[in-house]
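One structure is given below, encoded as structure tokens.
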Amino acid sequence: MESSGYIDLGLIPRAVMGLLALLLGNAFIVGINQIYDVRLDKINKPFLPLASGEMKQSVAWGIVVSSGLLGLAIVRAFFSRLIFGLYAFGMSFGALYSVPPFRFKRYPPLAAITISCVRGFLMNFGVYHATKSALGVPFAWSPPITFLAAFMTVFACVIAVSKDLPDIKGDEIEGIPTFASKMGPERMVKFVVALLLMNYGGAIVTGLFAPPGAFRRYVLLFGHVALASWLLRYRRNIDPSNHTSIKAFYAFIWKLFYAEYLLFPFI
């Protein structure tokens, strides 16, 4: 969106390979998590392939290993050494979240740092750097990308602390201490909403006080006012004592997450 002069149809294959690498990396991290969390998922998410018995562990391992190796091969072939290093680091860090004896998910602060790092900073910085490199444009921390990296790192932290809201029962049975199991659903919902509103408030303040020309000011302001209003409106319908309502709230958080990416090209 910065300049139509950078549009080059010849870059589409590389962009497709980049998207494929991201999907494969996500499949690797999520797959590792489901393999090592199968006992928990039989309680919290019995519909998942491994938990339901629809998929054998050998098949799951085949998919996970293939996804990881293919993702690494694609990034190594099409992108810079820096991007390859970041990609490999993100995959390793994401795997340590689930794999014993590390299993970062057992330590709430470390789990939050892991998810914030991978889904917040690394993903946004890595994609932006790879895009600039593909276009032959020198990397620079522009105000919009600096804002996005900071905003989405905080948002990823919100996801990190709220992801266990629907899974409190299984986590308590397995003795896994999470923010959600320690605080309880009602306090956790209030905390998550407060964090999101703080993040939106920061975006609005950024729009108000940013130097002229740094952003499309009115899009930044009114876009985040609209998202904050959507959150407040949804908050009125959440019943923390109802598991279905809690699951719907967590799904709603992801809608807000992707809404930010839809808004970003216009700010």
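Each Cβ is built from the backbone N, Cα and C atoms, and glycine gets one as well.
Annotation comment: TrEMBL describes 15-38 (among others) as transmembrane segment.
Residues annotated as transmembrane segment in TrEMBL: 59-78 (among others).
Panel annotation: around the transmembrane segment (84-102), residues 21, 25, 28-29, 32-33, 35-37, 68, 71-72, 75-76, 111, 114-115, 117-118, 122-123, 125-126, 129 of the same chain, lying at least six beyond its termini, place a Cβ under 8 Å from a Cβ of the stretch. Annotated transmembrane segment per TrEMBL: 84-102 (among others), in sequence order.
Feature annotation from TrEMBL assigns transmembrane segment to 109-128 (among others).
As annotated by TrEMBL, transmembrane segment applies to 140-161 (among others). Tertiary proximity for the transmembrane segment (140-161) is limited to same-chain residues at least six positions away from its ends with a CB under 8 Å from its CB atoms, namely 108, 111-112, 114-121, 123-125, 128, 132, 179-180, 188, 191-192, 195-196, 198-199, 202-203, 206, 210-211, 214-215, 253-254, 256-257, 260, 264, 267.
Residues annotated as transmembrane segment in TrEMBL: 191-209 (among others).
Same-chain residues lying 6 or more positions outside the transmembrane segment (215-234) and placing a CB less than 8 Å from one of its CB atoms are 143-144, 147, 193, 196-197, 200-201, 203-204, 206-208, 249, 252, 256, 259-260, 263, 266-267. The transmembrane segment annotation in TrEMBL covers 215-234 (among others).
Taken from TrEMBL, the feature transmembrane segment covers 246-264 (among others). Here the transmembrane segment (246-264) has Cβ contacts under 8 Å with residues 144, 148, 151-152, 155, 158-159, 162-163, 165-166, 185, 189, 192, 196, 219, 223-224, 227, 230-231, 234, 238, 240 of the same chain, all six or more residues outside its ends.
Same-chain residues lying 6+ beyond the ends of the transmembrane segment (191-209) with a Cβ under 8 Å from its Cβ atoms: 147, 151, 154-155, 157-158, 161-162, 165, 179, 183, 215, 217, 220-221, 224-225, 227-228, 231-232, 235, 253, 256.
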